[in-house]
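Record features (TrEMBL):
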type: ACT_SITE; residues: 32; note: active site
type: BINDING; residues: 32, 219; note: Mg(2+) binding site
type: BINDING; residues: 33-37, 45, 49, 77-79, 81, 83, 200, 206-208; note: substrate binding site
type: ACT_SITE; residues: 80; note: active site, proton acceptor
Ligand code: IPE
Ligand code: IPE
Ligand code: MG
């Protein structure tokens, strides 16, 4: 009868137990290490990116199962345009393929296929595919998958400032001071909670222009595993570690 007061947890294995009442609402992942994964195997970088897509499939599924509400995946940064044209084309091609191949399963599982970043710079075919996937899935109730494409934290802040100025000028209230809450409404992530947990595999410990505004109080989790080798067990490890953290948000406990 008092079951509702009981902690809900699932045992992953002897060492790992997840508290189902403390699953991060928003997980963000810097999907890094595809190139090095391929290099280690004497494969072209494109094969690393292909393998990386397989990882996305498992991780989205598991996040949905665990009840994560938002999963933001850094797939292409504003700086990634500096890569060779051939690699950029491969990445854009993989994006379209992913959206086409996975659409039915994602939709059936209630996933909302969303995107953040300035997608107007992507090839038209990618833009069409992304908009159509969002339109068809926007009323789903499962995890919202934000594909961060041509995304940069600084670019997002500048975009937000410009949108705000335009909006405020039109309303004739430009001289009014703004607060954080108002500013937040002009970001790509408006209406979403800030990421609770940011995961970066591949051994790098840097933010690489990801969610600069939103990461103010995110917990970080790094691992040396390359993204194509990142599995459900690594996701569980990251969440279990997150659940041990004491999030104080500046307060005294
Ligand atoms: C991440 O893997 C994928 C993208 C940035 C698109 P990388 O391609 O950066 O792989 P590494 O860092 O070179 O190993
Ligand atoms: C960050 O990875 C961007 C994505 C994963 C899409 P990068 O490989 O581009 O980052 P740096 O250049 O190592 O910082
Ligand atoms: Mg990289």
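Every residue gets a Cβ built from N, Cα and C, even glycine.
In TrEMBL, annotation is done automatically, which means it is predicted and not curated.
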Alpha-carbon distance [residue 33 (substrate binding site); residue 80 (active site, proton acceptor)] in Å: 14
Cβ contacts of residue 37 (substrate binding site) (under 8 Å, same chain, 6 or more positions away): 48, 51, 52, 226, 227, 228, 229
Nearest-integer angstrom distance between the alpha carbons (Cα) of residue 35 (substrate binding site) and residue 219 (Mg(2+) binding site): 26
Cβ contacts of residue 200 (substrate binding site) (under 8 Å, same chain, 6 or more positions away): 29, 30, 32, 206, 220, 221, 222, 223
Entry from the binding-site residues list 33, 35 having the most other CB atoms no farther than 10 A: 33
Nonlocal residues around residue 219 (Mg(2+) binding site), in sequence order (Cβ under 8 Å, 6 or more apart): 196, 197, 198, 242, 245, 247
Of 32, 35, 219, recorded positions neighbouring ligand 1, Cβ under 6 A: 32, 35
In three-state DSSP terms, the structure that residue 200 (substrate binding site) belongs to: strand
Entries of 32, 35, 37, 49, 78, 200 (recorded positions) sitting next to ligand 2, with Cβ under 6 Å as the cut-off: 32
Three-class DSSP secondary structure - residue 78 (substrate binding site): coil
Site of maximum Cβ density within 10 Å, from recorded positions 32, 78, 80: 32
Entries of 32, 78, 80, 207 (recorded positions) sitting next to ligand 3, with Cβ under 6 Å as the cut-off: 32
List of residues, in chain order, with Cβ under 8 A from that of residue 81 (substrate binding site) and at least 6 apart: 88, 150
Assigned conformation of residue 37 (substrate binding site) - DSSP reduced to three states: helix
